[in-house]
Amino acid sequence: MTATAQRQLPLDTTGAGQLAQQAELHPELNRAHVRFINLGKTYHGKQGAVEALGSIDLAIQRGEIFGIIGRSGAGKSSLIRTINRLEQPSSGRVLIDQVDIGEFNEDKLVELRRRIGMIFQHFNLMSAKTVWQNVELPLKVAGVPKEQRARKVTQLLELVGLQDKHKAYPAQLSGGQKQRVGIARALVHDPAILLCDEATSALDPETTQSILGLLREINQRLGLTIVLITHEMAVIRDICHRVVVLEQGRIVEQGPVWQVFGDPQHEVSKTLLAPLQLGLPKEWAERLSEYPQRPDAAILLDVHFTGVSDEGPDLAALFATLGGKVQLLQGGVERIQDRAIGHLILLIAGSPHPREELLLRARQLAPRVEVLGYVG
């Protein structure tokens with residue numbers, strides 16, 4: 001498996017004839033809500049040209065919550081902003097509902113942007129206007145009649161749970177309430193796509209969960225396609241259906257969240273997800289050696305379960321097949337997208353099986369098992 005594109009669709013990227021061929025080979029592309037084809041973005045400055053994005057081939061399906069992650073400067077914001085043409089690609093195409101938005105004139109761009117909502121980290125509310133007025137403003141600018149505006153604002157404030165705050169000013173609101181106003185404002189034109197740029201980064205963990213719950217509800221009730229970028233891996237884990245990992249403007253990994261988070265392939269993915277992974281307890285790391293120091297040395301195994309779809313991994317069967325005394329030093333099992341993802345650090349003492357047979361037995365029940373070392 002190569003270092004890049006482990007879970008990517010093999011997309012051709014040239015003319016209309018090849019697009020038709022792709023649609024036949026990959027019918028899911030016909031259903032893609034947003035599609036990037038060989039997308040590139042280069043910025044030109046005093047220091048010369050800087051490539052922010054290159055060779056991006058990606059399809060986002062209608063109604064899914066799609067996450068974009070990567071280190072700082074990986075190209076996340078540049079990519080998401082090409083969807084509503086706040087960024088003009090240097091090469092390649094962006095298709096929405098199979099229509100190339102690169103060919104849109106100014107009038108069509110205005111119409112496009114009304115169909116794509118966007119929320120930000122810092123809310124961007126007008127401090128001198130009430131909650132009601134902040135939500136109403138885009139409708140007013142668009143020339144929507146007053147009675148229709150009132151109906152829509154009432155509906156949206158109820159959706160985001162702020163119907164009792166309609167007369168409040170931003171300074172009187174908490175961070176979570178401000179973001180709810182931002183979400184309501186982003187929905188005024190009944191968008192089909194909602195872009196979220198670090199929408200929870202300024203919020204505390206409890207408020208973050210409430211905003212994620214609201215986004216999940218909006219996705220389910222309204223059928224919105226949600227595309228979000230964040231540096232908080234737990235946000236991706238908790239809400240997204242699929243995720244793409246960017247590094248230096250290139251896609252290095254993509255797939256269902258349970259798959260990428262449960263068994264990351266690329267080194268960048270592993271680094272980004274490291275805070276969510278279990279580490280070896282310090283007291284055991286200090287006692288660890290690469291080779292057994294005596295015949296009865298205990299072996300330390302790092303065991304990963306990925307994508308178990310029923311009740312979860314059969315730990316009793318695993319412990320029985322390993323033999324000897326099995327001690328769980330650290331570990332846990334969580335569910336992502338109704339699949340069990342487990343990570344266990346096991347100490348096995350007195351097993352009758354030699355190392356290679358032990359690994360073979362373990363791998364029959366868990367997809368990834370590694371020897372961390374020996375104790376004793």
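Every residue gets a Cβ built from N, Cα and C, even glycine.
Among the features that Swiss-Prot reports, domain 'ABC transporter' is placed at 34-273. Residues or ranges marked as ATP binding site by Swiss-Prot on the basis of sequence analysis: Gly70, Arg71, Ser72, Gly73, Ala74, Gly75, Lys76, Ser77.
Counting only same-chain residues at least 6 apart in sequence, those with a Cβ under 8 Å from the Cβ of Gly75 (ATP binding site) are Lys41, Ala52, Leu53, Leu246, Gln248, Gly249. Residues within less than 8 Å, Cβ to Cβ, of Lys76 (ATP binding site) and separated from it by at least 6 positions along the same chain comprise Ile68, Ile69, Gly70, Ile229, Leu246. Listed in sequence order, Glu247, Val268, Thr271, Leu272 are the same-chain residues six or more apart from Arg71 (ATP binding site) with CB atoms under 8 A from its CB. Between the candidate binding-site residues, Gly70, Gly73, the densest Cβ environment within 10 Å is the one around Gly70. Apart from Gly70, Arg71, Ser72, Gly73, Ala74, Gly75, Lys76, Ser77, the residues listed for ATP, the same chain places the Cβ atoms of Leu246 within 8 Å of the centroid of those Cβ atoms. Secondary structure at Gly70 (ATP binding site), as computed by DSSP, is strand. Over the domain 'ABC transporter' (34-273) the predicted model carries a mean pLDDT of 94. Secondary structure at Ser77 (ATP binding site), taken from DSSP and collapsed to helix, strand or coil, is helix.
Highest Cβ count within 10 Å among the binding-site residues Ser72, Ser77: Ser77.
Annotation for Ala74 (ATP binding site): same-chain Cβ neighbours under 8 Å, separated by at least 6 residues, are Leu246, Glu247, Gln248, Gly249.
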